[in-house]
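Heads up: the structure comes next, in structure tokens.
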Amino acid sequence: MEPAAGTQVTYLDTSLRDGSHAVDHDFSPEQVRRVVAGLSASGVRYIEVGHGAGLGGSSLLQGRGSYSNTELFDAAAAVIGDSTLCTLMLPGVGVMDEVREAVEHGVGGVRVATHVTEADVAEQHLRLCRDLGLRTFGFLMMTHLAAPEVVAEQARIMEESGAEVVYLADSAGYMTEQGVRDRVAAVRAAISVEIGLHAHNNLGLSVANSLAAIDEGASFIDGSLGCLGAGAGNTPGEVFSVVTRRIGLETGIDEWRLMDVAEDEVRPLMRFPQVIDRTSLVLGYAGVYSSFLLKAKAAAARYGVDAGDILLEAGRRGAVGGQEDLLEDIAFTMAQNREVPVATA
Amino acid sequence: MDLSSPQAVERPLRVAILGSGNISTDLMYKVRREQSLQLIAMAGIDPGSEGLRRAADLGVPTSADGIDGLFDLDDLPELVFDATSARAHLAHAPRLADAQIASVDLTPAAIGPMVIPAVNGDEHRDGMELNLVSCAAQATVPLVAAVGRAARHLRYAETVSTVASASVGPGTRQNIDEFTHKTRKAIETLGGAERGKAIVILNPAEPPPCMRNTLYAEVDGLDEDLLAVEVARMVQRVEAYVPGYRVRGPVIDGRKVTLFNEVEGAGDFLPTYAGNLDIITAAAVRMARQRVAAGAEARV
């Protein structure tokens with residue numbers, strides 16, 4: 001079933017946050033300014049900006065940002081108009097002081113993200129966001145790894161801690177339509193706040209899965225222009241907005257302007273074509289975190305092993321978001337076991 | 001000093017355990033294995049707790065009156081392991097100090113000096129209020145210090161600790177910011193890094209994975225031969241109380257040094273994957289043992 005015409009949907013653009021993974025966390029303030037201005041003028045009301053791993057994400061683990069989050073927030077805030085500047089934080093990576101600092105630089109919405117079974121580590125952060133008057137989002141990552149009733153129970157923890165919207169993230173781009181429907185429906189029955197879907201396009205299903213989520217009661221959809229994001233990227237925002245126009249959903253977005261922003265501002269930032277290559281397919285097939293893609297490729301090149309093998313092993317070990325360090329450990333160990341000389345000095 | 005022959009000590013140290021949860025129970029098994037330590041009591045606040053039942057079954061005197069139960073003993077302990085909660089330890093600490101009872105604090109209260117046995121245990125072996133920081137610090141700070149000793153300048157150290165969800169209790173879950181702050185402080189203060197960063201990740205995979213840590217360090221003036229020596233030496237020091245402490249690497253890439261580490265627990269009471277909990281109970285017992293050895297030395 002398709003969502004009914006007239007259904008209200010809010011589009012949240014994450015080109016400048018999830019997309020950060022695809023450009024090695026190298027967005028400049030000028031690039032952020034241009035894209036944010038275009039998004040805002042197109043009617044996008046929530047615009048996420050920052051290092052791919054969010055507040056405190058700049059690290060040797062995830063890659064250092066060429067610019068600090070606060071420099072990027074300042075650039076965005078100057079041109080964002082009435083739209084809300086959002087960012088992401090993972091408790092255990094970022095800390096609450098960084099939330100307070102972000103607010104001083106114009107951030108008005110924070111998405112507090114945990115692995116799908118670990119919502120209780122976000123309680124203090126969600127409460128802080130509400131106390132600061134921020135638009136407060138809970139964000140459950142790697143939702144495919146938990147059964148619908150578990151996802152529902154974790155969503156309830158986030159709602160009780162203050163989340164005004166609870167997102168289900170298909171961080172591995174693993175889910176097919178039924179998996180999305182089952183989880184959104186279970187969460188819809190369990191909480192009364194809004195529900196969002198953050199998809200990755202590793203199996204080419206992101207737009208279809210987003211529509212399925214809306215049909216089950218989700219009202220926030222994440223996307224990025226041209227798919228720019230980790231792995232094969234996110235739900236392509238300009239495609240999603242055209243599809244919603246076709247079937248009569250209300251997003252408040254001028255899809256023609258959004259297409260221009262995708263084409264003229266975001267595509268030129270891409271370091272490589274944002275397509276579903278064979279390694280992204282492994283992510284989607286094996287259910288591995290999308291931001292592992294480029295780290296696995298780098299480790300593969302360094303240790304002379306196969307990126308797909310590294311990802312499959314990471315999937316076998318149940319790696320969760322943030323465990324990028326495991327990829328090099330796996331590659332290092334594979335190389336040693338094969339007695340291939342390691343490229344140390 | 002020979003820590004491996006506790007029989008050289010004439011009189012064991014009288015110790016007690018505050019708390020009756022999983023950590024306390026694991027501590028009990030470890031303490032009972034030490035000839036230099038005499039476990040005189042375990043005191044909790046839940047008379048029905050499994051910890052108190054197990055202690056009673058082993059013939060260890062128990063109390064459900066918390067710290068008051070310890071002060072009711074005819075002979076007071078000389079040292080107390082506190083594995084209750086930060087708030088409870090803040091109340092316990094002054095009472096223990098007034099009674100001249102040494103306190104080894106496994107809670108996040110962080111009153112006393114930070115102690116990592118393999119790094120600065122010798123300095124604090126007579127200390128009256130020892131703060132064991134965090135499990136992540138116990139596992140990673142030894143590696144930070146080892147890299148620091150092999151370089152002219154340790155500019156930055158970043159640790160990534162992945163622990164099994166099942167091994168992380170509600171206290172840590174609701175205070176994960178404090179956990180990362182404290183670990184970072186130990187990386188800087190005890191590890192010697194000019195700037196530190198601590199990242200903590202919870203993994204719910206089944207079967208639960210062992211604690212894993214990665215250290216990324218940025219150094220100036222690295223002596224690569226010395227690095228191998230310092231890492232091996234440090235691993236040996238930690239292995240002396242945590243036999244399942246393993247390190248892979250180093251990987252050297254320009255100024256960046258990477259070490260991979262796994263901590264498998266001894267499985268005394270806590271499951272072996274919970275190396276993060278084992279390393280802190282093992283560190284606590286290690287500090288008590290060092291105290292006995294120090295006392296024996298002083299009497300010679």
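Glycine is no exception: its Cβ is also placed from the backbone N, Cα and C atoms.
Residues annotated as domain 'Pyruvate carboxyltransferase' in TrEMBL: A:9-259. For the domain 'Pyruvate carboxyltransferase' (A:9-259), the model's average pLDDT works out to 98.
Around the Cβ of A:Asp18 (substrate binding site), the number of neighbouring Cβ atoms within 10 Å comes to 29. Taken from TrEMBL, the feature substrate binding site applies to A:Arg17, A:Asp18, A:Ser171, A:His198, A:Tyr289.
Look at TrEMBL and you will find A:Arg17 tagged as site 'Transition state stabilizer'. Counted within 10 Å of its Cβ, the other Cβ atoms near A:Arg17 (substrate binding site) come to 29, all protein chains included.
Secondary structure from DSSP puts A:His198 (substrate binding site) in a beta strand. Residues or ranges marked as Mn(2+) binding site in TrEMBL: A:Asp18, A:His198, A:His200.
Under 8 Å, Cβ to Cβ, and six or more positions away along its own chain, A:His21 (active site, proton acceptor) finds A:Gly52, A:Gly229, A:Ala230, A:Ser290, A:Ser291, A:Leu294. Residues or ranges marked as active site, proton acceptor in TrEMBL: A:His21.
Mapped onto three states, the DSSP output places A:His21 (active site, proton acceptor) in helix. Take the mean position of the Cβ atoms of A:Asp18, A:His198, A:His200, the recorded Mn(2+) site; other residues of that chain with a Cβ within 8 Å of it are A:Thr14, A:Ala169, A:Asp170, A:Ser171, A:Gly173, A:Ala199, A:Asp222, A:Ser224, A:Gly229, A:Ala230, A:Gly233, A:Asn234, A:Thr235, A:Ser290. Less than 8 angstroms from the CB of A:His198 (substrate binding site) sit A:Thr14, A:Phe139, A:Tyr167, A:Leu168, A:Ala169, A:Asp170, A:Ser171, A:Asp222, A:Asn234, each of them six or more residues away in the same chain. When secondary structure is read from DSSP and collapsed to three states, A:Ser171 (substrate binding site) falls in the coil class. Residues within less than 8 Å, Cβ to Cβ, of A:Tyr289 (substrate binding site) and separated from it by at least 6 positions along the same chain comprise A:Met141, A:Met142, A:Ser171, A:Ala172, A:Ala230, A:Leu283, A:Ala314, A:Ala319, A:Val320, A:Gly321, A:Gln323.
Residues A:Arg17, A:Asp18, A:Ser171, A:His198, A:Tyr289 are listed as the substrate binders, and the farthest two of them sit 16 Å apart at their Cα atoms. In this structure the C-alpha atoms belonging to A:His200 (Mn(2+) binding site) and A:Asp18 (substrate binding site) are separated by 10 Å.
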